[in-house]
Amino acid sequence: MDRKVAVHEDGYPVVSWVPEEGEMMDQKGKDQVKDRGQWTNKMEFVLSVAGEIIGLGNVWRFPYLCYKNGGGAFFIPYFIFFFSCGIPVFFLEVALGQYSSQGSVTAWRKICPLLQGIGMASVVIESYLNIYYIIILAWALFYLFSSFTWELPWTTCTNSWNTEHCVDFLNHSSARGVSSSENFTSPVMEFWERRVLGITSGIHDLGSLRWELALCLLLAWIICYFCIWKGVKSTGKVVYFTATFPYLMLIILLIRGVTLPGAYQGIVFYLKPDLLRLKDPQVWMDAGTQIFFSFAICQGCLTALGSYNKYHNNCYRDSIALCFLNSATSFVAGFVVFSILGFMSQEQGIPISEVAESGPGLAFIAFPKAVTMMPLSQLWSCLFFIMLLFLGLDSQFVCMECLVTASMDMFPQQLRKSGRRDVLILAISVLCYLMGLLLVTEGGMYIFQLFDYYASSGICLLFLSLFEVICIGWVYGADRFYDNVEDMIGYRPWPLVKISWLFLTPGLCLATFFFSLSKYTPLKYNNVYMYPSWGYSIGWLLAFSSMACVPLFIIITFLKTQGSFKKRLRRLITPDPSLPQPGRRPPQDGSSAQNCSSSPAKQELIAWEKETHL
């Protein structure tokens, strides 16, 4: 056995060798390990990222936050966070994936072994998203199937699930005798709570399984499975349709919305600036958390998708374009939402503030109610829920793809072989489906709200973003990462990006993080139902399970590394030498970058790379 023995600068032996036939892995085993693959072209990457970041939050969260926080004045804090946090962290994650050609866990492990917990935390958040986000698709499918009827089932109070408190306010003869003090409900509310959810009195009573939702959930998982089962080869093709079709639906709904009576008042309500609201710190916190939510930051998705890029792809230009596309979509979606809410307000003779909602309330109560007031209501209902379905679908299967990528990069010898990927995807899909069945019980909505409020909350994303920019800006070194980016795209990005990594982003993330904690209010379902103490404990356990990965893996890696404290620290903040070095093209045949020849200048750079900025 022919080994080459070197000595590490700390005095520990470093052994590297090429295994002989029969040692460690035979040649047949090598051939079975498949390459990671790459996007066929840039458009596949752009559409995949667009499909991931442009989702339901653009339609049901941003417009509501804009109206609630001062209308047009909300854009001031929004764009401050957009330029100082959104673009810099978005670009950081995409560039990290492209530079390392690794998923979220192994990319951070190679950049800084001490902070590999950042990648593990993103996997935890991805896992939670895979369980609960797809429930929204099950609801959308249920509404879509219910739209293929002569009369929309949430239009009248004559259905079997309606109660004596149901009042159809569109039918003025039935609504005339109802006083404002009566305890009434609308048919659209009863359809949502009694027909779709069958909701119980609280989280303590989960009730029985809603088998129709369980079947819709199964269909959603089957669709997601076949969207990604062939890796980026299939994902890259599917997104041509799933990422672009929602824009067609959005344009159709926009044209319909702005032509409705009352649309102008709704749009004015959406954009009318109230500069006094900028004095409220809550407005700034909402702007910051919306940026992190809508850009899919700290979920590992951007790193995984970027890892399939060619090494010299201009990820800087792509990142900026995608960030602007995401925000522009949110802005246009606001016109769709508030033009229809303005129409509802005029038809019912009530203020817009009483019909404006966010989240599931907007998608499954306000909009279904709005389409009942339009001619050809079945058509508009189908178009809306198809748009909702595709907005959520590509976000879901791209998130699933990123979880699979992280797993395969962590265990390439075991998983990157013929047929193993299909089995892995099937196993994750079945496991997530079985866990998701808990959320389609009669009390499942209470569990869904816990996941949504705590598991992927702004607090978690702000915490991880803080460590990401500290790792790249201060530990690995912002200048060093700029050198890596320059090697990939041919020039250095705008200096504001580096300034943001070093100062602006960590400062804003830290301030917003502590403010979020100080202003924490316990979750209430429908602003009425208070969870029991053990329910809130489960919620905080979901939140801390991701954030705890960072300090936990710092401790674990320290304990597993030998040497004095100083030597261990130095070794754990030294990047992996197999990472591409500036001026040297990364190997295309899977061989180690260490075996590539380099000039004296490059060797000097490699020696310098061992130093850190800590």
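Yeah, the Cβs are placed from backbone N, Cα and C, and that goes for glycine too.
Per Swiss-Prot, topological domain 'Cytoplasmic' is recorded for 1-44, 557-614. The transmembrane segment annotation in Swiss-Prot covers 45-65, 73-92, 117-137, 211-229, 238-255, 291-308, 320-341, 374-393, 423-441, 458-478, 499-518, 538-556. Taken from Swiss-Prot, the feature topological domain 'Extracellular' applies to 138-210, supported by sequence analysis. What Swiss-Prot records for Cys157-Cys166 is disulfide bond. Here Swiss-Prot flags Asn171, Asn183 as N-linked glycosylation site, drawing on sequence analysis. Under the heading compositional bias 'Polar residues', Swiss-Prot lists 589-601.
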Can you work out whether the transmembrane segment (423-441) touches the transmembrane segment (211-229), with the criterion being 3+ CB pairs under 8 Å where the paired residues are 6 or more apart along the chain? yes
Look over the recorded stretches 73-92, 211-229, 538-556 and say which has the most C-beta pairs under 8 A to the transmembrane segment (499-518). 73-92
Taking contact to mean 3 or more CB pairs closer than 8 A (sequence separation of 6 or more), are the transmembrane segment (538-556) and the transmembrane segment (117-137) in contact? yes
Can the transmembrane segment (73-92) be said to touch the transmembrane segment (291-308) if we require at least 3 CB pairs below 8 Å and skip pairs under 6 apart in sequence? yes
Reduced to three states, what secondary structure does DSSP give Cys166 (disulfide bond)? strand
Selected stretch (most C-beta pairs under 8 A with the transmembrane segment (374-393)) from 117-137, 238-255, 291-308: 238-255
Ranked first among 45-65, 117-137, 211-229, 291-308 for CB pairs under 8 angstroms with the transmembrane segment (238-255): 45-65
Between the transmembrane segment (45-65) and the transmembrane segment (458-478), are there at least three Cβ pairs closer than 8 Å, leaving out pairs fewer than 6 positions apart? no
Segment confidence, the topological domain 'Cytoplasmic' (557-614), expressed as mean pLDDT: 65
